[in-house]
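Annotated domain 'DYW' per TrEMBL: A:655-747, in sequence order. Annotation source TrEMBL lists repeat 'PPR' at A:126-160, A:227-261, A:440-474.
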Amino acid sequence: MIGRSCFDKVIAAYRRVIRITSISYKRSHTITQLNGNSGSVRPLDFREGLSMIIEGTKIEAASYVPLLQECINRNSLSEVKIVHGHIIKTGTHQDPFVMTFLVNVYAKCGTMEEAKRVFYNLPRINAVAWTSLMTGYVQNSQPELAIHVFLDMLEAGAYPTNITLGTAINACSSMESSKLGNQIHAYIVKYRTEDDTSVGNSVCSLYSKCGSLGSAIKAFRRIREKNVISWTTVICACGENGEAFQGINFFVKMLSEGIEPNEFTLTSILSMCSTMLSLGVGLQVHSLSIKLGYESSLRIRNCVMYLYLRCGSIDEAQKLFDGMQRVSLVTWNAIIAGHAQMIEIAKDDLSAHHRGTEALKIFSKLNRSGMKPDLYTFSSVLTVCSRLVALEQGEQTHAQILKTGFLSDVVVGTALVNMYNKCGSIERGSKAFVEMSMRTLISWTSMITGFANHGHSQQALDLFEDMLLAGVRPNQITFVGVLSACSNAGMVHEALNYFEMMQKDYKIRPVPDHFECLIDMFVRLGRLEEALDFIKKMDFEPNEVIWSLLVGGCRRHGNMELGFYAAEQLLKLKPKDPDNYLMLLGMYLSAERWEDVSRVKNLMKEEKISKIQYWSWIGIKDQVYSFKPNDRLHPQSAEIYKLLDELLDRAESLGYKSQECFELIDEDDEEQTFSSTVYHSEKLAVAFGMLNTLNVAPILVIKSTPMCRDCHNFIKVVSSETGRQIIVRDSKRIHKFVNGHCSCGDFGFGL
DNA sequence: CTAGGGTTAG
């Protein structure tokens, strides 16, 4: 980074020179045009050219250009060096045109050191050469250096062309320095080159990057002869500034004026369709791009695939992916992220789980393909691991990240912290957090929430105070973590304090999530009247979660009158969460209110509540094993039940009493019946885990519905009897069983 | 001269 005084120097120098040279634009322009004309030399085929070079045959100077161009397309620095060597051998390094082009070539290959060396050895340095070096620095994310070159150029007495000015503006755009940009723009206006197409394009882009769409559109309007780049720039400006719809309008106008979009235009429009989730428009653009001959364009294919993913048509996306012969890393990343995103919105846990394992499969395919994953890949994969509670895969990914050096990236680091926390290892999560060299709001929030979910309330609150001391401003989500920490520990006083702090000090409006934490807290403490008071105080209607918390609390604390009232409210909302139907059925059943039981069942049919699936699953190595209640399909069934019966006996001798717990069982395909069962799916999965993992390894089980009280008691005893850590993540929270205790404080199970 | 597509907390 260079200081502001340097910019002032640039401006001062620029001011000096532009006064003397303002008349000479025309002349510089001709130089460009002359250089742009490569004459009537027959272009060489790449292979032909390269073999001539290897044989040492002399080739014409102008033939080097298409040859080098092909090297760029193939992104092959080694081939560039071969050609460069030949240029020197044949004495063509005296040719200013070829050598200037070589500056571009090295810049495009990302090696600015080489580009600089060629530049300083040029036989003659003209405006095009200066501009090439500047462009190189802008492209390689060193805009400050581009401005330095600009200054050198002016001091050397060279005349900036329109393209030079445009490049200087581009450097300002990358630095997001509207100040310097404005200054240069002022001179552009003064010397009336504003209506020039390439200058105007750059100015339009500058204002878009600086966040003023209005100025960007004005700059666009002032361009006399708008080309496809001008249109693309203004369309992108709309997209970048959250006005995708306006961008589409510009696109339509562009088409009606007979300007043909190119690959850039099409990809920009397609990604805007993705953000707007307008699959229909996007597909029309896709067929337009096929008509225009871009059917095999990888970039357009990536965009269309991403469009499908965003709009939830994952199968279409997968089909497109499978049909692509050539893919880029972005293609892989998009399909992995797409599957990861589908985990959230999947209809049921089993299909969500399927999405996740699919994503991990694609990731290992990517690794086998020889392409190197990057920080985007790793962030997505870690997210998938955390959602699947796939600790082993997460550890492997962690190792791979260490090897490839992406751990220094703050997003990857945050995803890693989150993965360990979600997979039950708060120790490694907090270790990874401490080791981060930089933390964002999201990192802090993730760790606070991690502590809260693991029942480490005090640590969550301490960390929150650290965060404030570090000068990071909490947001709504941070406070959800803080309040849930208070709620889990029953810290009423602290909860109310933080709730007030959030509103008064940080001006954050409470959302339902915040109230849910508070109401949950009062309900757990059996302070049902206070919970009800709080509900009355909210400035929005109580939602499904809030009523269901109240119903659950009333059942637990035996306040049936309030319980039935809350249940009525819940029924009125026609809940979406299958767990709530289960809870209501349980309540009415134990109260022997048969009419209400059938009322709930009818509502379930009416609302098309999918069958409640009591699946549990466990991942061992790369395989995932799933279990239904009383599952006997598994090949190891005999061993599983034998171990389970042994454990039940041992537990009973220690005072564990099996309790009747109800789950809805699928007896035939049509009807769900209510029945009690000892062999709940989580018991089976835990036993299976014991049989198939090392004695020291923690057992990780996921369950699609809340754990019941019986399984919770049983697994507590098992954890102390066997000395194994057992982690069950159910649909509500994480339960970490260690030495007979659960991190949820025994308030976190279902019925 | 446009420089596009993919990531983290709930």
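Positions of Cβ are set from backbone N, Cα and C atoms, glycine also.
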Averaging the per-residue pLDDT over the repeat 'PPR' (A:126-160), what integer do you get?
86
Per DSSP, what is the residue tally for the repeat 'PPR' (A:440-474) in helix, strand and coil?
26 helix, 0 strand, 9 coil
Long-range CB partners for the repeat 'PPR' (A:440-474) (under 8 A, at least six residues beyond its ends), listed in sequence order, are 410, 413-414, 417-418, 421-422, 426, 429-430, 433, 480-482, 484-486, 488-489, 491, 494, 502, 506, 733-734, 736, 743-745
Residues of the repeat 'PPR' (A:227-261) by DSSP state, where helix covers H, G and I:
26 helix, 0 strand, 9 coil
Using a Cβ cut-off under 8 Å, which residues of the same chain at least 6 positions beyond either end of the repeat 'PPR' (A:227-261) come close to it?
197-198, 200-201, 204-205, 207-209, 211, 213, 216-217, 220, 268-269, 271-273, 275-276, 281, 288-289, 292
Going by DSSP, how much of the repeat 'PPR' (A:126-160) is helix, how much is strand and how much is coil, in residues?
26 helix, 0 strand, 9 coil
